[in-house]
Amino acid sequence: MNMGFDFSHDSVMMAGSTLRKVKSRSWKKQRHFRLLEDGMTIWYKSRWAGRGHSTFSITEVEAVREGHQSEVLLSIAEEFPADLCFTLVFHGRQGNLDLVAESTEEAQAWIQGVRKLIHKTQTMDEKERLDQWVWDWFNKADKNKDGKMNFKEVRKLLKMMNVEMNEEHALHLFTMADKSESGSLEIEQFVHFYKMLTQRDEVWKVFQDFSGDGEKLMLEELENFLRTEQQEGEQSAQHAQELTDRYEPSESAKKQGAMTFDGFQMYLCSQEGSIFKPEHRQLHQDMSQPLSHYFISSSHNTYLLENQLRGHSSLEAYIKALKRGCRCVEVDCWDGSDGEPVVYHGHTLTSKILFKDVISTLKEYAFKVSDFPVILSLENHCSVEQQTVMAQHLSQILGDTLLTTLVDGLIPQQLPSPQELKGKILLKAKKIGGLEVCLDETLTDEVSDEEEMANGECSDDPPAESLGHNAKKSKLSRELSDLVVYCKSVHFHGFEHARLHGKCYEMSSFSESKAKKLAKEAGTDFVQYNTKQMSRIYPSGLRTDSSNYNPQEMWNVGCQIVALNFQTAGLEMDLNDGLFRQNGCCGYVLKPDFMRDGSTQFSPEKPDGKQGYKPLRLSIQVMSGQQLPKVNQKEGSIVDPLVRVEIYGVPQDQAREETSHINNNGFNPVWNETLNFVIHTPELALVRFVVEDYDKASRNDFMGQFTLPFTCLQAGYRHIHLLSRDGTAIPPSSLFVNISISELT
């Protein structure tokens, strides 16, 4: 089942090449790289070291960058020409691999070869993916590389795959698969053995319930299943035909207009059989409303890859955040020693990068995954001279991409829409005066301390008395001020003041504790404020470990720019990824209608007060798990998995329920337990499925999760394709559930 190739790049890769692995200007070491026979795994080792080697799968690689496209390779540009250099970029938070080839031809063979392989893995269907997975395992376990596996090796492999099964059952299946009675299995026989091993009894039972003859589903039987179980209503008939065309492997069954069990299982494991509504994955929302009507994916201290005190400031961090769909990035600017402003976490040991390099990176990566506008949130600690240098860099590097004029030349009563601002970068910073005064020359270039506080992320607001009449003035560069249009940073003076005097282009920043307090004390006011103006929330200054706060509380009151440390994996980023997984992952999600109406009376504390209040009952039957990942790689350790479903939303909707744990089976555990919830504000709720390895002595270990908006749930029998802690896919790990949603009566 080798992924057969016919081009010459991979012959170079299979023969192997000596490439230099570069970690810094001083660390450049030769390593021998080659592509293994499976056409999917890259193996490398140092030429001198004895047995140690490393491998990674092509599925872990996201892209190949050609030339000096990383900070490390740029730093050695004099030493190695661009046509020898390339960078392998990995999914998630895994670091890049910077490599230098010995010749241009060799560099090209690897660049083009790896790109072709990545394309191949991206276009594999579920079946090929599963076969590939089995093939990878077979190769891992076939220690003597003779292409065969005896029963002892198979037992060991099952342990590696997270399966603890009784000897007799395994031997029985082994004997059935060993058709030639040779006492060992070749790859094809092993695939057959594996199929018997993964026979999905719970899926077979569902199939039997709807199949008249127990062999196949005729079109009307499949249509009946789609209508009654999958709750697909009118479109069931047409969909039944489409699914049979798409997933039925047997041509003869297709001719009869029937689906076999194999086809049925393929459908249930596909994107269409997944828990996420396929039509919500695409861009499907109205993008022509004011910016304040959307939740916007936003990052805090975007330049950091690690923590706030010692971390490495890096351009790579901007690239990773933008690739994750982030639409609001933060730049902390300080005076540099040679007149060039630098970006880093002030007064700490984090390294520094040049402001102009950050802006160049932004220009290159801003619109790779989304066309909608990017907001550049500037935290400005620079002298007037270096502010002017910043303004020059912004204008020269970004050119037309930087929005510097009003969209229609009119003073706005409401913010422009993401649609009108496509492909634009907006600067958020302080501004001298407003848009109305059309730069009346009488303005001074000074911003009082009152305004000064608007920009600083102080641990929290300063005591009022410190803002006396002798407030010291801080100077602002006119050139930089002129680049601010729709995102003017101002100090927040309370909701009443904003109602009377607030302009739609004025934006305030709130620390998480300040926002939490306002949400609790004046929820409805905050929701109303956020219909017209934008608010940015940032983590408390005490979170030096770059930990995150729960963004849901901020979304509950309609805050648009809820900035999180994208570099930190965990629950909070799972929620962010979950909310923004809809609408084409474009970084903008339209707020529910009751958060877009200026006279709304909605309060997250009292959801039953909203017009059209209709609570829903959510019932989730957790049926089974498939090939769950191993938590630790120690030989002989098998997991005891449990599933927890967590609901995040308005305070009344916060809930969690979990199944019991299954002993010693991460391979195909069956729970068949039902978890029930009542959802009061479905439009704001997120549902998170977590799988953990139960441990009675200490904390359970995380195994995988998937988070999605309640409104994107598909009812019926569905698979949930689990993600790692990092948010990357871990095929073929999944959960099989049956979901029903009904009105609470």
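A Cβ is built for glycine as well, from the same backbone N, Cα and C atoms used for every other residue.
Feature list (source: TrEMBL):
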type	residues	note
DOMAIN	11-119	domain 'PH'
DOMAIN	129-164	domain 'EF-hand'
DOMAIN	165-200	domain 'EF-hand'
CARBOHYD	SER180	O-linked glycosylation site
REGION	229-254	region 'Disordered'
ACT_SITE	HIS300	active site
BINDING	ASN301, GLU330, ASP332, GLU379	Ca(2+) 3 binding site
ACT_SITE	HIS345	active site
BINDING	LYS428, LYS430, SER509, ARG536	substrate binding site
REGION	449-473	region 'Disordered'
COMPBIAS	449-463	compositional bias 'Acidic residues'
DOMAIN	480-596	domain 'PI-PLC Y-box'
DOMAIN	596-724	domain 'C2'
BINDING	ILE638, ASP640, ASN664	Ca(2+) 4 binding site
BINDING	ASP693, TYR694, ASP695	Ca(2+) 5 binding site
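Beyond its flanks by at least six residues, the domain 'EF-hand' (129-164) meets 1-3, 36-38, 40-41, 57, 121, 170-171, 174, 182-187, 190-191, 193-194, 197, 627-630, 635-636, 638-639, 664-668, 731-732 of its own chain at Cβ-Cβ distances under 8 Å. Here the CA atom of ASP693 (Ca(2+) 5 binding site) lies 9 Å from the CA atom of ILE638 (Ca(2+) 4 binding site). Ranking the recorded positions HIS345, LYS430 by C-beta neighbours within 10 Å puts HIS345 at the top. In the predicted model, the domain 'PI-PLC Y-box' (480-596) shows an average pLDDT of 96.
Each of the binding-site residues GLU330, ASP332, ASP640 was scored by the other Cβ atoms within 10 Å of its Cβ; the lowest score goes to ASP640.
The Cβ neighbour count for ILE638 (Ca(2+) 4 binding site), using a 10 Å radius over every protein chain in view, is 19. Separation of the C-alpha atoms of ASP693 (Ca(2+) 5 binding site) and ASP640 (Ca(2+) 4 binding site): 5 Å, rounded to the nearest whole number.
A gap of 19 Å separates the Cα atoms of ARG536 (substrate binding site) and HIS345 (active site).
Neighbours of HIS300 (active site), defined as other CB atoms within 10 A of its CB across all chains, total 27. When the binding-site residues ASN301, GLU330, ASP332, LYS430, SER509 are screened for a C-alpha within 10 angstroms of the C-alpha of HIS345 (active site), the residues that qualify, in sequence order, are ASN301, ASP332.
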